[in-house]
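Notes to accompany the following structure.
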Amino acid sequence: MDNSGENPTKSDLSAQEQSTREAQTTTISPEISDHSLSKEDLELDADVLEDVLFCVGEMGLYQKLMFLGMLPFTTFYIWVYLVQIFITVTPEKYWCKISALDALPMELRRNLSAPGAATGKWDKCHTFDADWNQVLNTLSPPPPGTRQIPCPNGWEFEFSDIPYASVVVERGWVCSQAAYAPAAQSLFFVGSLMGGLLFGWIADNFGRIPALVGANLIGAIGGISTIFTRGLWDFIFCRFLVGLSFDNCFMIPYILILEYVGPGHRTWVANLPLAIFGGTAGVCLPWIAYFASDWRLTLWLTSLPMFGAIISPWVMPESVRWLVSRGRIEEAVKVVRKFERVNKTTVPGDVMDKFITNSKKMGSKKMESFINIFRNKLLRRTMIYMIIVYGSDDVIYDALVRLTQVFGFDFFITFTINMGIEIPAVLLLTALLDRVGRRLLTGGTLFMGGLALFFAMLVSKGLSRVALGVLARFLIKIAFTVLCQWGTEILPTPFRASGSAFLHMTGFAASLLSPFIVFSETFWEPLPLLIVSTWAIITAGITFLLPETKGQEMPQSVRDSEKIIVTQSLMKQPEMKDFKHSLSRILSSTISDTIHRDPSGRVSRLRLH
């Protein structure tokens, strides 16, 4: 049906896109599977939502309301991730508790009981095996050479830097038990790993909305249950439950909104929630903890709001792409009609008929298992690169979040600055991403961030190290945020939720290492910075092996993803081909000028300059 009179612009665009697709098919056919090139698949693999989305509005009122709806989910995502730092933070100054000295002023108690207190750097884990009544009478520390023993009665903490008793303080998780807090935080990431599998499977089999509600409810339950724990293992189990929700409580609505906006709006819609909502939540959290001055109250304040996700089925639309892939065409049409009503637009009858017809064909195709991604040569190779980059970037970013105390400045102020700097970082990448591209922006910021961390290792604690740390956090945040969007733009619709969950799971698996990277400071103070700086520089190089998705439509099928991988890999870019050609000519000319051959063609001498 010719609808050029009704919508000439769209018709012209569609004709141009069809011509472009046919040209690309001819060009890239040697590298794409034969099956994906069949005429039927060319029709079925077309993004059936694009025409409808154009008609209902690529950024109408409904999409704007969805954008505002990202506020609570982005806040939950930030709080679930960061609150564990504030409930397990350890004050810098502590020493063995000696009950006999309780009546004395705090500084005097420390000077009498902590070996080396007179130097300002005392032993936090040992005290003297002395007659404390005699020490109390003389108010002098035990004589030199007195035998030292591990703390017999726990520890005393000075709350000058951390103004409340955290879990670590209450339960004495220091010295021989110092690994308990990193272990609990690592089990949080084990929960995230399992949650990625669980909620990715729910999202692909039962829908995005059920997975969204489930992820937030389990996070709320786990957070509140943590308040009532008494020991190590019940605490670890509750943090594991919270970990199940991490990332999934945010990534599901994140994927949803990206599916409903046009390509021209995708970058700012993908990144502004993290900048505005996430940045604000991160800046507020340290002061929630500071003014609450109670780790249990902090958990109440950050966990209870997650129960609000129960209203999601009434305010968030299910994914039309997912409904189509499951053959639930009537429900998909209802969602489209709702967009029409809210956006006050109309989808022409012929466009809707085409949408329904194509949707039925798509729905009749058998759903493929996520494992099929690894059976496809192009997707397998790309997924391996993405797994490496995701995992590495997660470790680097998480380690930087936890290294706040390493920079030697006020804990709450430094944390606030680090979170605040993420707002301009994400705003900057929003402005640059569609101009510079995903590959260069990610690789470049990782490399420069790695250098900043390396130089931070070389300077002493204080303002200079804080400045370099903030710069590195700024750069690494850019790379970390780009990756969230990049993965969704490479994976095809049938695998987008489970594939994104899988990639984030690999990040969580790698993040198991980050608490122990921070813990390595106990062996050598600059070691954590050396590890993350080296890791960032190496990861920057691997980033350039991924395909560029700037200006590309979201892939609906495996074939669409193959086309992006083949046509947008670095070695396929015209500038790279021109560079290789120019380099070849320069080398050829240089060799010709350097090597002198005799009439028989043998090298007779080298002409050196």
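Keep in mind that glycine also has a Cβ here, set from the backbone N, Cα and C atoms.
Annotation comment: TrEMBL describes 1-30 as compositional bias 'Polar residues'.
Residues or ranges marked as domain 'Major facilitator superfamily (MFS) profile' by TrEMBL: 126-551.
Among the features that TrEMBL reports, region 'Disordered' is placed at 1-32.
A Cβ distance under 8 Å defines the sequence-distant neighbours of the transmembrane segment (66-89), meaning residues of its chain 6+ beyond its ends; these are 162, 166-168, 173, 181, 184-185, 188, 212, 216, 219, 223, 226, 239, 242, 245-247, 249-250, 253-254, 256-257, 260, 269, 272-274, 277-278, 280-282, 285-286, 289, 295, 298-299, 302, 305-306, 308-309, 315-317, 401-402, 404-405, 411, 415. Annotation comment: TrEMBL describes 66-89 (among others) as transmembrane segment.
The transmembrane segment annotation in TrEMBL covers 186-203 (among others).
Sequence-distant contacts of the transmembrane segment (209-229) (same chain, at least 6 residues past either end, Cβ-Cβ under 8 Å): 73, 76, 80, 83, 87, 195, 199-200, 202-203, 235, 238-246, 248-249, 252-253, 296, 299-300, 302-310, 312-313, 316, 318, 497. For 209-229 (among others), the entry in TrEMBL reads transmembrane segment.
Residues annotated as transmembrane segment in TrEMBL: 236-256 (among others).
Here TrEMBL flags 268-290 (among others) as transmembrane segment.
Marked as transmembrane segment by TrEMBL: 297-316 (among others).
As annotated by TrEMBL, transmembrane segment applies to 411-433 (among others).
Residues or ranges marked as transmembrane segment in TrEMBL: 440-460 (among others). With a threshold of 8 Å between CB atoms, the same-chain residues lying at least 6 positions outside the transmembrane segment (440-460) that come near it are 389, 393, 396, 400, 407-408, 429, 432-433, 468-469, 471-476, 478-479, 482-483, 486, 526, 529-530, 532-537, 539-541, 543-544.
Annotated transmembrane segment per TrEMBL: 466-488 (among others), in sequence order.
Annotated transmembrane segment per TrEMBL: 500-520 (among others), in sequence order.
Non-local neighbours of the transmembrane segment (526-546) in the same chain are 382, 385-386, 388-389, 392-393, 395-396, 399-400, 403, 406, 438-439, 442-444, 446-447, 449-454, 456-458, 476, 479, 486, 490, 517-518, 520, 569-570; each lies 6+ residues outside the stretch with a CB under 8 Å from one of its CB atoms. Annotated transmembrane segment per TrEMBL: 526-546 (among others), in sequence order.
Contact between the transmembrane segment (466-488) and the transmembrane segment (268-290) is supported: at least 3 Cβ pairs lie under 8 Å, counting only residues 6 or more apart in sequence. Mean predicted confidence for the domain 'Major facilitator superfamily (MFS) profile' (126-551): the pLDDT average there is 84. Only sequence-distant pairs (6 or more apart) were considered; of these, at least three Cβ pairs between the transmembrane segment (297-316) and the transmembrane segment (268-290) are under 8 A, so the stretches are in contact.
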